Amino acid sequence: MSIQENLNNLIKPHGGKLIKTLKYGAERDECIKEAKSLPKIDISSREFGDLVMMGIGGFSPLNGFMKKEDWFSVCKNFTLADGTFWPIPITMSVSEEEAKKLKRGQKVALKYNKDINDISGTIEIDQVYEMTKKDKEMECKDIFTTTDSDHPGVKKVMEQKPFNVAGKVTTLSEGEFPIKYKGIYMTPEESRLNFAKKGWKTIAALQLRNPMHRSHEFLAKIAVEVCDGVFIHSLVGNLKPGDIPAEVRVKCIDALVDKYFVKKNVLQGGYPLDMRYGGPREALLHATFRQNYGCTHMIIGRDHAGVGDYYGPFDAQKIFDKIPYNADPKKRLLTQPMKIDWTFYCHKCDGMASLRTCPHTKKDRVIVSGTMVRKMLSEGKTLPDHFGRAESLKILADYYQHLDKSKKVTIKLQKFATGDAMK
């Protein structure tokens with residue numbers, strides 16, 4: 001089949017087509033010229049990542065920041081107000097002083113202070129609405145299942161400014177993502193074209209925010225056995241303190257793919273979001289935008305997108321069985337979860353295994369987790385061989401060896417990272 005035929009056979013984007021708010025070339029230049037004369041609002045790192053995702057079509061069918069009715073429906077019903085599935089609010093906040101100056105129909109320039117370009121985008125104001133402390137707490141309880149300020153996602157929401165601004169956006173910058181992560185950072189159009197060139201139709205996405213260790217490799221290879229290919233898709237936006245930067249993680253993946261994967265069955269990519277640490281809800285978001293990237297399946301393992309002990313080890317799998325069904329395929333989530341049980345290194349099996357394949361006991365097993373990898377390396381300890389491939393472990397050891405002491409944080413092991421909760 002031709003590349004175009006292969007493209008046509010890929011899973012449809014959420015909403016039926018890719019909605020892209022990013023401008024290019026002369027049109028972008030004209031928009032920037034206009035934006036420089038507009039009032040300006042500073043946006044956060046998270047908001048900038050969301051703006052870029054809307055720009056490249058990753059958040060299709062969204063074309064702007066959410067109105068209050070959409071925000072409320074997403075929190076309570078997992079859908080936009082029109083019934084289209086969406087699991088996490090995509091909002092932009094402003095101060096009370098800024099809110100008083102904004103009017104419906106007004107256009108405002110958006111700027112992220114670390115953007116390498118002068119203007120990040122614009123928004124045409126549709127609605128300005130207050131977010132009281134009670135509103136924010138409701139969002140946190142619905143999305144993160146907690147209002148505990150120690151939860152990094154909760155902390156971000158509670159620190160947001162007191163008003164949200166809704167409206168259609170125009171994205172005028174992708175920041176440094178295409179330059180810093182050249183060849184890795186990928187738009188949905190680019191991933192779809194890559195899949196079509198490879199002749200793939202069924203694709204499993206592997207979400208990564210930690211260095212790729214043996215459990216990740218095991219998950220990816222399970223997926224390759226049942227799908228045409230696996231898309232190793234790394235977050236290249238901001239993480240919490242103590243997490244390993246994307247450029248280091250990308251090197252680890254490169255080393256693994258180069259020596260331990262059949263190259264025609266794997267593709268590495270990156271996406272521009274900040275991590276929300278939303279556990280089950282974020283797992284749904286990961287599946288939603290992977291549909292836009294062209295993936296039919298989303299690998300969901302233990303404690304997907306989790307942090308601390310806020311979620312059960314497989315809550316992120318269970319939530320897929322609870323989301324609303326819509327008869328209209330354009331309005332429902334089409335990408336399916338690939339649910340995988342506890343994975344670990346078993347000394348008696350002499351390799352990676354899962355509860356479905358290993359008959360041995362807890363004492364024979366070693367849980368391989370990103371948290372454990374970061375904790376041991378940050379404490380100057382040497383990781384056992386079964387935690388990762390030698391090539392990637394060397395990259396990680398070199399990173400920690402040269403890490404400024406002021407950037408080191410104490411890493412606590414949650415119970416799922418130790419395997420205590422495993423049967």
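One is the number of the first residue shown, and numbering goes on along the chain from there.
Cβ atoms are placed via backbone N, Cα and C, with glycine included.
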Record-annotated sulfate site (Swiss-Prot): member among ALA166, ALA223, ALA255, ALA305 besides GLN207, ARG209:
ALA305
So which of the binding-site residues is most packed in, judged by how many other Cβ atoms lie within 10 Å of its Cβ, out of GLN207, ASN210?
GLN207
Would you mind sorting out which of GLN207, ARG209, HIS304 (the binding-site residues) have a C-alpha within 10 A of the one on HIS216 (site 'Transition state stabilizer')?
GLN207
Between ARG209 (sulfate binding site) and HIS304 (ATP binding site), what is the CA-CA distance rounded to a whole number of Å?
10
Among ARG209, ARG302, the most crowded of the binding-site residues [Cβ within 10 Å]:
ARG302
In whole Å, note down how far the CA of GLN207 (sulfate binding site) lies from the CA of ARG302 (ATP binding site).
12
